[in-house]
């Protein structure tokens with residue numbers, strides 16, 4: 001029993017052959033239990049009667065060694081041996097003539113004995129019937145017939161035909177055929193026609209089950225004589241079995257850093273067919289990263305031939321095809337799915353080579369200014385990226401204290417307010433590290449640029465604006481228009497548009513004499529100096545930046561108009577005098593504003609009162625005539641205090657403490673009396689006109705007016 005022994009780690013092959021030593025565990029067996037011979041009584045001594053040899057599955061000395069007749073008789077003996085072609089034979093030999101009249105039938109046994117320990121034996125019953133003379137036995141045309149048949153031949157196909165002849169005539173010459181299979185198999189795949197000798201199939205043959213079949217055919221004539229021949233049926237192989245692929249070992253997943261030549265799978269191929277139909281060849285479809293390598297006999301190894309990279313390809317589906325050399329060839333395919341496991345061989349990669357982020361100065365703490373992002377081509381923990389600030393060296397450490405990065409998402413924050421004037425930009429190094437073992441990391445530079453805000457007002461450098469008395473600029477009387485008196489110099493700590501300065505003349509003793517250049521701050525004469533101009537001039541220059549909102553500062557300066565610069569007694573104004581002048585101007589402005597507000601309020605009150613009184617007049621009025629005047633007023637009229645008779649309409653306002661009445665002249669002296677009947681009964685008649693009087697028409701200086709107190713007295 002040969003077989004192969006495979007050892008792994010390391011991979012080794014050993015060829016093992018197990019020799020099975022036979023023991024005598026099988027007894028000899030005859031194909032038939034009983035055989036009957038018809039023998040003519042005139043048969044000559046030395047005639048031979050063939051028998052089927054006994055079959056013993058053992059080998060060597062354990063197989064059949066001798067044959068004996070039991071009980072021993074004087075008529076027959078046993079002869080056995082092997083022919084030239086190797087076939088064994090067993091024959092009964094007639095030792096002396098038979099006499100049917102003495103014994104018409106003879107029974108005995110033939111025993112086959114092996115040389116085992118203990119020996120085993122098998123027997124066959126022999127019956128000898130003595131007949132009258134039939135002196136010619138059948139004879140086959142060949143001692144051994146060989147036939148070839150395809151294994152896929154259908155049932156009923158003729159394998160071959162045997163032929164035996166007999167020289168006798170009549171019944172003694174009629175031959176019939178019988179078939180027996182070696183080993184006494186009852187489920188024989190063959191059958192013989194007893195008349196024609198055709199051997200046919202009873203079922204399809206299988207080359208893989210048995211390559212040859214050995215048969216025995218007996219030809220017997222009508223007189224009882226017989227002959228035996230051997231028939232060997234060779235089964236011709238047909239390519240009806242596809243190759244088989246049996247996997248012995250398979251490794252998956254496979255690390256991507258596996259070295260070339262690593263064995264991934266070990267398998268064997270076999271084909272039950274023979275010859276060209278059993279010759280197998282294996283092929284691998286994709287041989288770029290893997291290949292097949294013959295190992296031993298029909299073993300093959302699937303090995304790597306180049307470096308693997310999971311980031312390029314995470315899985316390989318390999319198809320190994322085994323094909324035989326039949327016509328047409330049969331194939332079988334085995335699929336190997338090789339997963340590539342990840343190795344931390346890729347460092348994180350930032351999506352930018354550097355980052356620039358912007359933040360406005362005076363920012364709120366922990367303001368978000370941007371984010372960094374890195375990707376790792378690995379998977380799992382090898383691809384989990386965390387962010388951190390790389391340690392700074394020396395002076396960089398202080399600049400990094402204001403910046404923080406979120407370890408999970410890479411968001412960058414500014415932790416405290418920044419001042420553009422102190423820090424305009426800073427750089428930090430952000431590190432991205434994966435969670436592999438060992439971890440891989442990558443660094444990127446993040447530049448934080450601080451944007452300027454307009455948070456610094458202009459600073460006047462010249463003339464100095466400190467508390468010390470400022471020097472006066474000297475202007476000669478002969479100076480023409482455009483004469484440069486001085487130049488206001490100012491700076492702004494901001495940058496960009498926030499530091500663009502413009503100069504404007506805010507206030508001057510004589511605004512028409514001086515002008516200020518908006519861009520340069522130069523103070524020049526607008527016109528020539530005249531004798532009417534004051535000797536001392538004060539100017540207030542506004543310096544304003546271009547920010548949003550703009551910030552400004554003022555520069556105060558003075559100028560002296562002199563005829564001769566040699567005059568050493570130059571008048572200087574003290575700070576107290578300048579403060580008094582400034583205070584006086586302020587007081588004048590405040591007074592002007594107050595007077596304007598008072599005037600507007602008075603006008604509004606006057607208009608409101610007019611509107612209210614008109615509404616009261618429309619609601620009701622009081623008329624006084626000569627008949628319905630109060631008694632005091634009527635007496636006064638009768639005494640002549642009132643020069644003429646009038647009708648007065650009086651309208652009084654509520655809360656009026658100083659109401660006055662104004663008595664006007666008659667508007668229509670000739671009005672008929674019915675015009676004065678307002679407020680009187682229908683039977684009363686008036687012979688004097690009525691004049692409406694209201695407090696709005698009274699004036700204190702008008703003749704004939706009386707005060708409210710006088711009216712009350714009346």
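Keep in mind that glycine also has a Cβ here, set from the backbone N, Cα and C atoms.
Features as listed in TrEMBL:
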type	residues	note
DOMAIN	31-140	domain 'Cadherin'
DOMAIN	141-245	domain 'Cadherin'
DOMAIN	246-350	domain 'Cadherin'
DOMAIN	351-460	domain 'Cadherin'
DOMAIN	475-577	domain 'Cadherin'
TRANSMEM	587-608	transmembrane segment
REGION	695-714	region 'Disordered'
So, do the domain 'Cadherin' (351-460) and the domain 'Cadherin' (141-245) meet, by the test of 3 or more Cβ pairs under 8 Å (sequence gap 6 or more)? no
On the domain 'Cadherin' (246-350), the mean of the pLDDT values is 88
What same-chain residues lie close to the transmembrane segment (587-608): Cβ under 8 Å, and 6 or more beyond its ends? none
Counting each residue once, how many in the domain 'Cadherin' (141-245) are helix, strand and coil under DSSP? 7 helix, 48 strand, 50 coil
